[in-house]
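Undergrad: Not my notes, these are from TrEMBL:
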ACT_SITE  ASP481  active site, nucleophile
ACT_SITE  ASP551  active site, proton donor
DOMAIN    31-288  domain 'Glycosyl hydrolase family 36 N-terminal'
DOMAIN    652-728  domain 'Glycosyl hydrolase family 36 C-terminal'
Amino acid sequence: MTNLVEFDENTKTFHLHNDLISYIFQVEEGGLLSHLYFGKRVKQYHGLMKYQRADRGFSGNLPGSLDRTFSPDTLLQEYSSSGIDDYRTPAVIVRQADGSYSSRFQFDSYEIQAGKPMLDGLPSAFTENDSEAQTLIVTLRDEVTQMKLDLLYTIYEDRALVTRSVKVENQSDNEVFLKKIASMQIDFPNQKFDVINLPGAHASERQMERSRLNRGLRSFESRRGSTSHQMNNFIALTSPDATEDQGDVYGFSLIYSGNFKFEVERDPIQQTRVVAGINDYNFSWKLKAHETFQTPEAVMVYSPTGLNGMSQTFHHLIKERIVRSRFQNMDRPILVNNWEATFMDFTEDQLKPIVDDAKKLGIEMFVLDDGWFGHRDDDNSSLGDWYVDKRKFPDGLRHFVDYVHDQGLKFGLWFEPEMISFDSDLYREHPDYLMQVPNRAPSPSRNEYLLDLTREDVRENIINQVEKVLRENAVDYVKWDMNRHLSDIYSQALPADQQGEVYHRYVLGLYAMLEKLTADFPDILFEGCSGGGGRFDMGITYYMPQTWTSDNTDAVARQRIQYATSLVYPPSVMTAHVSVAPNQQTGRITSLETRATCAMSAIFGYELDLTQMSAEEQAEVKKQVEWYKSVRHLIQFGDFYRLTSPFEDNGCAWMFVSPDQNEVVVDTFQTMSSAQPLSTITKLVNLDPNKQYQDLETKKIYGGDELMYMGFFNPLYHHDYASKKYHFKALNRH
Ligand code: DGJ
């Protein structure tokens, strides 16, 4: 295998590269690491980006030096320390035993390893064999405090990305406290950037925003203990002219499911720093003498071909090296979920007709959502009591599961394992399991409370209960929900000076549970959920190959949510369902066709009472199911490209193309109709210009070049919320 990482002893320069990208940094004066370049592959670095020296007032110099032209405050750094002479936001802050917050990490040594190490207790991108990647570990040390940092960089041979994380070791004999420890930092020289981020709210996740980056510090973060609906753990920096298909784009994301912070600082001389990792909000980690701490992993993507190029790199990484379940490449079943059909008001006898209709219509799995356990008739009780409610299933859950299986359907079950209700046997027996601050009443949210997942005994109790249900009931699929964010942060199991660890320890506890459960039940398909897409991140995706994208099932709102979610996540990890009209979240009335066109562009299902549909509607559902099955593999595992943005236009378009460019599905949507409609065009991308493609509906034939360069007119609709899907196949395949 060729070298992916090189170190030039003369210039003290590290160069990570493959055919697509180069990532270059250097050991500078004072042992500081200076970032030089991240972008398109350059064969060799000859020193053009060396730090430009200047005597700048109020930017201090290295101790003991009379040279006023070198300042850590203006150096483009690779991983910055705090409390001395770089006034920009730092990557690491350590409170020393003597109370000082200052450190200066300097280059010590490096090592290059084949492959990529897994991170203890944390999800990360993996390799299938050691020859596909190389890892550079650069060791920095602070001589005064005896702290050691290992900066881990992995480059794959064929991906336009670098993964990074940091391991800290306290080599002193004193106890110290980590106050901030980022997973990555990158400093860019003066250039114009736009920043794209994904803010949102419950039922309105990942609404894409883009703005010009000006001087000052901006942060994009979650303080909710979870990735959150309110801000996804991703940002992109783009050249101002970047579009979906051209321009420079840098994408940054974390393989993590807890509090995070992305800081973007444009400094006084218009250089840009990005620092990302665990949020330092109320964070404090005690590191005793000789202990270590490992940060979550960050993924840094570079694309010279716009946002679609960035998304392709994220999508392939997620599909191939983040989703590790045996379902990684398996077509996912079409399901019907009873949540929006019955909510918690059901019995076995009322559910059976839905199962019967599902079978008749070709649906492949029935998912029993919230309300099957304890005595849960509404959301005020029973979380923590994971045993079946005999009022709803008088002959036990297995009796119903057998019925579902006998109809040839798989069976899925909902859990919310991280929470507890006051009205539960679990709380009556173990009131101390609840996360709460001494002498302070905990805050309810959806009238539920958090279990203290930092505690092993709490985790064990829940896992034992859940595993018993799974074992006894031959469950094929689990929906793991989380319907509130963290509050009242405190663990009775930790001393006062470790309460700043609770947020992160909660996430580590969650990962430990998921590790155990997915190892014990490798044949169960897991779906992550948090009141919809409140915990849509690569950490969850590592354990659970699909995630419920949003509680908002309205087809128009979903176009935006799915479009922006796809910046990072491929359709194969997003789930989408057809529900009733008027929509329960927005009141909007859309056609069954449009609802299905939108839902069929991800992992597909229904979330309504099939028995309430008319014969005509059921016939339409049957056709949708048949159609989806015929294109499912392409939708779930083909390459996905965004074409027209619902954030900018009166509609939306996207497409799926097979890796051999022989099969294409295109979905187009128009939001509002008009008395004077504009003629709009959809142009496809990434086809073979030399192939002929046949539209399977009209049987007409078009060149790949025509479909890409000329495009086609969208229909002129005389109604709102219209949609159309196209299916093309290449004739001259090779
Ligand atoms: C929130 C989820 O997103 C819904 O799909 C449903 O499972 C409810 N929770 C049940 O409480």
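Numbering starts at 1 and runs along the chain as displayed.
Cβ atoms are placed via backbone N, Cα and C, with glycine included.
Predicted, not measured: the structure shown is a model, and the values here were computed from it.
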Undergrad: For the C-alpha pair, I'd like the distance in angstrom between the residue listed as 'active site, proton donor' and the residue listed as 'active site, nucleophile', rounded off.
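TA: About 12 Å separate the Cα atoms of these two residues.
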Undergrad: For the domain 'Glycosyl hydrolase family 36 N-terminal' (31-288), what's the mean pLDDT in this predicted model?
TA: 97
Undergrad: For the domain 'Glycosyl hydrolase family 36 C-terminal' (652-728), DSSP counts of helix, strand and coil?
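TA: Reading the DSSP string over the domain 'Glycosyl hydrolase family 36 C-terminal' (652-728) gives 7 helix, 32 strand, 38 coil.
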Undergrad: Please report the DSSP secondary structure of the residue listed as 'active site, nucleophile', reduced to three states.
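TA: SS state of the residue listed as 'active site, nucleophile' = coil.
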Undergrad: Test of understanding: give the count of other CB atoms lying within 10 angstroms of the CB of ASP551 (active site, proton donor).
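TA: For ASP551 (active site, proton donor), the count of other Cβ atoms within 10 Å is 21.
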Undergrad: Under 8 Å between C-beta atoms and at least six apart in sequence, can you list the same-chain neighbours of ASP481 (active site, nucleophile), or say none if there are none?
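TA: ASP370, TRP414, PHE415, GLU416, CYS529, SER530, GLY531 - these are the non-local Cβ neighbours of ASP481 (active site, nucleophile), listed in sequence order.
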